[in-house]
Each structure stands twice: as C-alpha cells, then as structure tokens.
Amino acid sequence: MAMLGNVLHLSPMVLATTTTTKPSLLNQSKCTKATPSSLKNCKTIDELKMFHRSLTKQGLDNDVSTITKLVARSCELGTRESLSFAKEVFENSESYGTCFMYNSLIRGYASSGLCNEAILLFLRMMNSGISPDKYTFPFGLSACAKSRAKGNGIQIHGLIVKMGYAKDLFVQNSLVHFYAECGELDSARKVFDEMSERNVVSWTSMICGYARRDFAKDAVDLFFRMVRDEEVTPNSVTMVCVISACAKLEDLETGEKVYAFIRNSGIEVNDLMVSALVDMYMKCNAIDVAKRLFDEYGASNLDLCNAMASNYVRQGLTREALGVFNLMMDSGVRPDRISMLSAISSCSQLRNILWGKSCHGYVLRNGFESWDNICNALIDMYMKCHRQDTAFRIFDRMSNKTVVTWNSIVAGYVENGEVDAAWETFETMPEKNIVSWNTIISGLVQGSLFEEAIEVFCSMQSQEGVNADGVTMMSIASACGHLGALDLAKWIYYYIEKNGIQLDVRLGTTLVDMFSRCGDPESAMSIFNSLTNRDVSAWTAAIGAMAMAGNAERAIELFDDMIEQGLKPDGVAFVGALTACSHGGLVQQGKEIFYSMLKLHGVSPEDVHYGCMVDLLGRAGLLEEAVQLIEDMPMEPNDVIWNSLLAACRVQGNVEMAAYAAEKIQVLAPERTGSYVLLSNVYASAGRWNDMAKVRLSMKEKGLRKPPGTSSIQIRGKTHEFTSGDESHPEMPNIEAMLDEVSQRASHLGHVPDLSNVLMDVDEKEKIFMLSRHSEKLAMAYGLISSNKGTTIRIVKNLRVCSDCHSFAKFASKVYNREIILRDNNRFHYIRQGKCSCGDFW
C-alpha cells in the first residue's frame, strides 16, 4: 500500500514527465546506421528490426557476414518474436545460409524450450548440404535432451561418428548429457568411459544423470572418484546433484562428508546448494541441523523456504510447515505454487478446513487456480475435510482433468470410507495409471473387501502399460494375510520375485506379516532374515509372527536382539513382546518388559499395554494382581482393559469378578456384544442358567446380537465358508457323515464333548448336536473329505475357537494323521498328533 501511495502522490509535473517520455535519440542513432558495431547496441526486437530496415536501405541486405550476425543477435534475445524474426531473415537469405546461421537458430530455439523446432532446423541443415561443425552437434543434442527425443539424438550420434567428431570434448560432453537426460545411463557411461579427456562438465553430466534416476549410490561414488582420484574441482551444479543423491539415499554420514568438502575446498555456497543441503538433512531426519542452516541463511529465499516446508510436510510436521509459510509472508517473500502445494497439503493432513479455505483464497487471489496440481491438492484437502461438494465444484471447473485429478477423487472417497463411490468413480475414469489401481485396491482392503481386492488386482494384469509396484503388492499381501490363504501367499511372493519388484523394508515387513497370518512362520522368518535393512516395524512383524505361532521364547529373543542392535522399540513393538509373553505364559518376563518401557526406553505404557498385562496375569490365574494393576493405572481403564479381565475370569471360572468386569464394560461400551457373550458363557459354565438368560434377555432388549461364528477353508484355490448351524453347503451329507465318523473315532480315544460351550438350557443330546454344527468342525470335516491324505488342513475362524472344537481338532489330527492349523481371532493353533502349539493355553 505504501508503494501505491507514493504513486498516487506524484506531482503533476512528474506525471507529465513520465507519461511523455520518448525513446532516446541516442539509442535510435546507435541502431539507425547499419554497421557491425551498431548491431551490438540493439537491445530489443524493435531496434533489431530498425537495424534490418536500415541495412536494406543501404543495400547491405545481401552481406552474408552482417546478416549472419543479425540472425545471431536476434536469437540471443531468446523471445518468440525475436526467434521468429531471426528465422524470417534466415528464410530470405537461405541461398547463402551458413553453418553459423544454423547454429545460432538451433541454439536459440533449444535454449527457449522450442526443441522440436530446433531439431527440425538441424535436420533441414543436414538436407541442405551445409556441413555441421563441432558446435552444431551439441546444440542439436541439447534440443534432443530437453525434449527427450531419444531417437533423434541417437541419429545425431551416428552422424557425429561418421563425420569424425566423436573425440571432441565439447561433443562428448553433450552426448553424455543427452543420454543421461533420456535415462540411457549405460550409453552415457560408455561415452564417458571412452573419453580420453574429461572436464568438470563431463563429470557433472554423469553424476547428475545418476542422481536424477535411481542410481544415487553411483552418483556419490563417481563424485568422490572425481575429487579424490582425478582431482577435478566441482562446480555448484555438481554439488547440488551429489547432495541430492545423499538425500535420496538418506545417507547422513556421506552427506556430512560432502558438506565438509564444500567448506574445506572454498566453493562458494549459493542458494541452490543451501536448499539442497536443507533437503538432504531433512530427508536424513537431521531436522535440527536443517533448521540451523535455514535460520543461518534467512527466510528470504523462496527455494530454501520451499525445501524446508515440503520436507516438514513429508515428515508429518505439518504445523511447522505452515510456520514456514507464515514466515515467508512476514518476510515479504511471495509464495509460489510449490509453496502453496506444501501449505494446502499441511491443511489436508491436519484436516483443518479453516486454514485450507485461507489457502484456497490465496490461490484465487494470485491466479494459481489454473495449475492442475494446485487444484488436485485442493480437491484432496476438501475430500479429507469431508467437504465433497466443494471438491466436486473444483473438479467440475477444471478444463484439464488429468489422471491425477481423478485419483484425488477416488482417494478422497477411500479416505472417507465410501468404497462404493470410489469404485463407481474408478470405473468411469477415462484413463487409469498404477496410482489409480493402487488407490482402489487399497480402498477395498481398508473396507475389508479382501477377495474383491484380489479380483481387481487380477483384472489389472490385463491392462497394457500398467505394472504392479511395491505399493500394489503391499495391499495385496495384506488382503491375502487377512484371508489366511497360504497358496495365494506363496503365489504373491513368486509374483514379486518374477517381476523384479524391489523388496524394500516396507514390502518385506508386509510379507512377513502375510506369511505369519497364513500360518507359515518359517517363510515369514526367511523373508525377515533376507532383509538387509530392518527397521522397528520389521522386527515387530517378526516378533508377532513368533508370538502367533506360539513360540514365545523366540519372540522375546527377537525383541532383545532388536534392542542390542541399537533400535529403540516403540509402543507397537512392546505390544508384540507382551502378547508373546501372554500367549506363552511367561509372567515374569512379561512383567520385566512392561516395567522397562518407561524406565529404560522412555515409552509410556498406554491402554493396550495394560490390556496385555491384564491378559497375561489373568491367564496365569493372578486375577487379584490383574485387578490391582487396573486400579493403579494412571489413566481411566477403557472397555478393552475390562474385557481382558472378563475373558480371564471365564478361563478361571470366577463368576463374581466376571460380573464386575462386565458391569464396567456395559457402562463404557454398552453396544459391545462380546462382553455379554463372555458373561453368559461364564454363567453357562457355572450352570447358572437364570443369570445367563437375564444376560441374553438384556441383549435382546438392547437390539444386540452375537456375531455368527464363521470358518473358511481353501480347497484347490477356492474359499469355502461355513457358518455355525448352517447346513446349506452342497456337500453337507458327506460333511455330516465325516463328522459322525470323526466323533465316533475320537470318542473311542477318550474325547468327551465339552457341553459348557452350549449356551442354552437344553438336554445333553441337543447340546452335542449343536456342538457338531460349530463352523470350525464343519470346515474341518470338509477339509478331510476334500483334500489328499496327509496334507495340512488350514482353517480361519472369525471368533475365538471354543474349548470343545479345540479338543475335537486335537483328536482328529491324531486319528487321521493330519496337521490342522487353526487361526482364530486371537492366535494360531498348530495341531499335530493330538497336541497343540498353544499348550491348551489360549
């Protein structure tokens, strides 16, 4: 406003002077007479045109030397108008067009980004019979590099060899740059290695080529060879590229060495280098160092602010990112579209609609709404803030709806749990890329539509140009793990290996979890052991795999190994270790781990950790100690804590304490069906049928229903699901016959049905029949009649397996010499020759 005020208060005399100013006569005279010396003084296209008119009047428009210089000077200006004028002059004098004239035009068009025109001029020169020189080829290759015209560049390389310029340093540097920019790094390296002489441009082109692709390690290695072995002094471009390579590698140690080299070598640090250093430190999680650099060089640099803000967003430090944005505004730095992307993304992650609207207002006021990526970010923000109507208004106004735009809509629906709407949008997309497929597959998995996710993945295989990546396979592996389908799990692992998908720590961790959930702990641990870079999540997955397999001792060994390797366990890792102790009955070790959380590792126990301890103590029969732990909690115990106690009371048969725990649950979570079911189980086991009936009546009055028990089994790639009491399976007569056979043979070996699992006051015969229709027994019988002798039977149940079915499975495994692997909602049961891995402790 101050500047505007100064303009408004100019005196009339000043206004008159400023509005009547005419072009300087001195400038006019410098370009009026057409001489080579006056051409140098022409600074604008109008002056060049004036010079050309003067040249024509003087009859010098046929002077090759002067016309060539006019074309060159016009190209140097680099505007579309000056290039068109240069080409017009060139066209009128083409009969005596020179190599220098062509070089000027090719270079001018390439430098201005008009690369296709530059390439056409190069080809036109070749066809005109004018021989190129050592400058022509680099200018042509520059155009090919910028436009990624790989075919044209390769043809130019052929001409270079044919015409004897292959050993020229300037030409060789251009070839290295061209191949590197086009991603042909092997070809670039071949030219580089064959060079008899290399300068800083040669090394920088190769290093930057590696750094911009997925060969950051090669970029770093080549840099140190350059400065140590060859003693070539790098320039600022070299330094920016090698610093960015360290950032990609997240290699703080090497990044520090590069920064030390900069300080010791006396290389002048410019803004781009500082931005690259900040980016590197942020990506290496050295946030404090990045912040010191940022503060040292000030907040007045736009690129530096953008580097800081975008990395804050990437780290999830969204409030800090917005702080940088506010600092820019206070410092008078005008945010650009990159700044706005970080700001909008921060609002999106925070789900802060007020700040998001403020960013949207800034976008509209500053004309950024024409940028597709800005609109895509706004759509994402509004969808995450549950403002779908606003998101769709932006979507409808966009004239250029890219695949990224559509992906934002699909992702927004997935984020809001609207899987059907996401699917409908996905189906109508005019174009789909791998992100589209990954988004919808992930949405289906999040919606527990696991089989549908796998079907979509199979459909994706027929799409030309769409190849699964690590993100795809993580979703599919997760779906497979939830289904417990081991054959599918093995195929997924084979698919990853066959298609060369990189097994990084995230995908590897997902595969460990997948095989663990599918009852194959050996494969899970094999993948874990193959990972070269294991983070806390990978170790936690391995600990969980051993815990689910009933190998509590090995799970604790892994937990200790992780700590010995210098990794700090997080809350999730402690859950895995405590769960292992609970499943294995390791009370003392569980206590030691629990009390070490805050004391040794600085991790405050949360509800879930107390729940694990209550479960551990309760299973061991230490109910009074479990209650004391609950009473000593620093926070109010939630319904999950009390449910752990209730489950323990059922195992121990403590009716009074079970009723107390159930009462607490019904206050905290009155809709929780499981607590009513558990309490009714306790009453039924104690023969207190009236109390059980009251619980059931209370459930009915509140509209609560026990979820039906379902068990699934895969036979020859097809999933068969059974529900307790359901007799609709087409093989039901054969299943019933097998159940009768197993029951008789198990009875001869001493199996007695556990009638306490029937929660109805009916006669003994009816109870036995009801037990025979439990879903896991139906699945087990179908497995026995449908699979080959000696093969493993794998069953997945949605609820906890009852004691009668557990006992029944042990007898069946012994009678038929089968391994039965039963996964319930709590753990795995590996049953062999009448014995279970859980030791009847579950």
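One is the number of the first residue shown, and numbering goes on along the chain from there.
Note: Cβ is positioned from N, Cα and C throughout, glycine not excepted.
Feature annotation from Swiss-Prot assigns repeat 'PPR 1' to 98-132. Residues or ranges marked as repeat 'PPR 2' in Swiss-Prot: 133-167. Feature annotation from Swiss-Prot assigns repeat 'PPR 4' to 203-234. The repeat 'PPR 5' annotation in Swiss-Prot covers 235-269. Annotation source Swiss-Prot lists repeat 'PPR 8' at 336-370. Per Swiss-Prot, the feature repeat 'PPR 9' maps to 371-401. Annotated repeat 'PPR 10' per Swiss-Prot: 402-436, in sequence order. Taken from Swiss-Prot, the feature repeat 'PPR 11' covers 437-463. What Swiss-Prot lists as repeat 'PPR 12' is 469-503. The repeat 'PPR 14' annotation in Swiss-Prot covers 535-569. What Swiss-Prot records for 570-605 is repeat 'PPR 15'. Per Swiss-Prot, repeat 'PPR 16' is recorded for 606-636. Positions annotated as region 'Type E motif' by Swiss-Prot: 641-716. Look at Swiss-Prot and you will find 717-747 tagged as region 'Type E(+) motif'. The region 'Type DYW motif' feature in Swiss-Prot is assigned to 748-842.
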Going along the chain, which residues at least six beyond the ends of the repeat 'PPR 11' (437-463) come within the CB cut-off of under 8 Å? 407, 410-411, 413-414, 417, 419, 422-423, 426, 469, 471-472, 475-476, 478-480, 482-483, 488, 719
Roughly where does the region 'Type E motif' (641-716) sit in mean pLDDT, to the nearest integer? 84
Across the repeat 'PPR 11' (437-463), DSSP labelling yields 21 helix, 0 strand, 6 coil
Excluding the flanking five residues on each side, which residues at least 6 beyond the ends of the repeat 'PPR 9' (371-401) place their CB within less than 8 Å of a CB in that stretch? 337, 340-341, 344-345, 347-349, 351-353, 356, 359-360, 363, 408-409, 411-413, 415-416
Short question: which residues 6 or more past the ends of the repeat 'PPR 1' (98-132) have a Cβ under 8 Å from it? 64, 67-68, 71-72, 74-76, 78-80, 83, 86-87, 90, 139-140, 142-144, 146-147, 149, 152, 156, 159, 163
